[in-house]
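Report on one structure; see the data block that follows.
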Amino acid sequence: MRNSWVASRKGKTNVSQMHFARKGEITEEMRYVAKRENLPESLVMEEVARGRMIIPANINHINLEPMAIGIASTCKVNANIGASPNASDISEELKKLDLAVKYGADTLMDLSTGGVNLDEVRTEIINASPIPIGTVPVYQALESVHGSISRLNEDDFLHIIEKHCQQGVDYQTIHAGLLIEHLPKVKGRITGIVSRGGGILAQWMLYHYKQNPLFTRFDDICEIFKRYDCTFSLGDSLRPGCLHDASDEAQLAELKTLGELTRRAWKHDVQVMVEGPGHVPMDQIEFNVRKQMEECSEAPFYVLGPLVTDISPGYDHISSAIGAAMAGWYGTAMLCYVTPKEHLGLPNPEDVREGLIAYKIAAHAADVARHRSGARDRDDELSKARKEFDWNKQFELSLDPEKAKQYHDETLPEEIFKKAEFCSMCGPNHCPMNTKITDEDLDQLNDQIQSKGAAELTPVKLNKEN
């Protein structure tokens, strides 16, 4: 779809959506997004120019269907997949991609750390994906030197970053906000540093006693990104890994640096979103969202969860979806899903489905709460189908039609029950929506209440007996 769109841009020094928007040009990607979001094209251009909206769309990801992340658009959901040294199979990762797209993931991150050829699995995923793909390049940087922090140099990081751009990665998590002076602030935490990328860079800084190379070479990374229209996802290396560590000095010190880096990237006309926690008590979620907006000049916020309790292994997709819904309500632009396997192991395809559905619920709840245009239309349509006992339409409008039908059919599998005016919960005689009270009955009752008062009502026969 995008071949003709990007053909004229190749070879230019800056091909980012922000660059065109700031010149007053509405790109085909912006027009496409405007239609998807039901927004004016001019508003999309203005929001991208301002930095409040991003359209992650690498010029080398030709089969991409452009989408927007920002407070003016619907709340988005990211799904994570990726092979590890202990569990690796490219076909399994492609199956996870298919499931993620099927169940409505808006973006997807390939977090592969080993066990497969990382370039090969990334290329396969990008070629198969209609949604934006994100990566964490420091993983491959470490893998390229066989896990040796001592052999890892600044150029290794930049080489891998550009390779990911060349392959068509739409956004990259760049952990540039973690500074060497932040590391002592981690003392006193229960879980310390829980970001894998942050952990790699912390080890690198402590070994070499040098500043974070992603910070010192940040302008070089901007120069790379603008040639491909790759978007920054500024990583939160010091995100809290438990409730105890939430909103502490270390987290907020890094957030301040992330705000400074956001504005530096914007000077290059490079798109930015900012990553956030993590594990956060419910009463601190609003503070975290507001603080990010303040420090990062309203760049789109992209949060992992947050989990609102630490005692839910096996059910962390539920704990975190609670926090995610709240974060989305307060203005977070994209929610990174958590699966039931969080903290326990590598997710399988079924875990991907469970996590994604939980987060689609959270994102949709946020859209409804923020009164986004058309957000409740599907809810109202399903409610009408429920009132009319149109079971097939209820299944169709569900976030997970297959599961809705499966649960209904466990007790009433015969096709005749798809037209029944009851389910197995209430049976045919006790369903309150099955009572034959008509609008005419209610109008007649209201007339009597208005004329006589409730205490003096005369019994009337319903127009239709129950």
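In case you wondered, yes, glycine gets a Cβ from its N, Cα and C as well.
If you check Swiss-Prot, you get these features:
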BINDING   N80, M109, Y139, H175, S195, R196, G197, D236, S237, L238, R239, E275, Y302  substrate binding site
BINDING   H279, H343  Zn(2+) binding site
BINDING   C423, C426, C431  [4Fe-4S] cluster binding site
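Checking each of the binding-site residues H279, H343, C423, C426, C431 against Y139 (substrate binding site) by C-alpha distance, the shortest gap belongs to H343. Rounded to a whole number, the C-alpha distance linking C431 ([4Fe-4S] cluster binding site) with Y302 (substrate binding site) is 43 angstrom. Put simply, H343 is the one of the binding-site residues H343, C423, C426 whose Cα lies nearest to the Cα of S237 (substrate binding site). Annotated pair R239 (substrate binding site) and H279 (Zn(2+) binding site), C-alpha to C-alpha distance, rounded: 8 Å. The Cβ of C426 ([4Fe-4S] cluster binding site) has 12 neighbouring Cβ atoms from other residues within 10 Å, across all protein chains displayed. Closest to H343 (Zn(2+) binding site) by Cα-Cα distance, out of the binding-site residues S195, G197, C423, is S195. Using CA atoms as reference points, the binding-site residues N80, S195, G197, C423, C426 were checked against H279 (Zn(2+) binding site), and the closest is S195. Of the binding-site residues R239, H343, R239 has the largest number of other Cβ atoms within 10 Å of its own Cβ. Excluding the listed site residues C423, C426, C431, the same chain places F422, S424, M425, G427, P428, H430, M433, N434 with Cβ atoms within 8 Å of the centre of the [4Fe-4S] cluster site Cβ atoms. With respect to C426 ([4Fe-4S] cluster binding site), the closest of these binding-site residues in Cα terms is N80, chosen from N80, S195, G197, Y302. Straight-line distance linking the Cα atoms of S195 (substrate binding site) and C423 ([4Fe-4S] cluster binding site), rounded to a whole number, equals 47 Å. For the binding-site residues shown (Y139, Y302), fewest C-beta neighbours within 10 angstroms: Y139. DSSP assigns G197 (substrate binding site) to a helix in the three-state reduction. It is 37 Å from the Cα atom of N80 (substrate binding site) to that of C423 ([4Fe-4S] cluster binding site).
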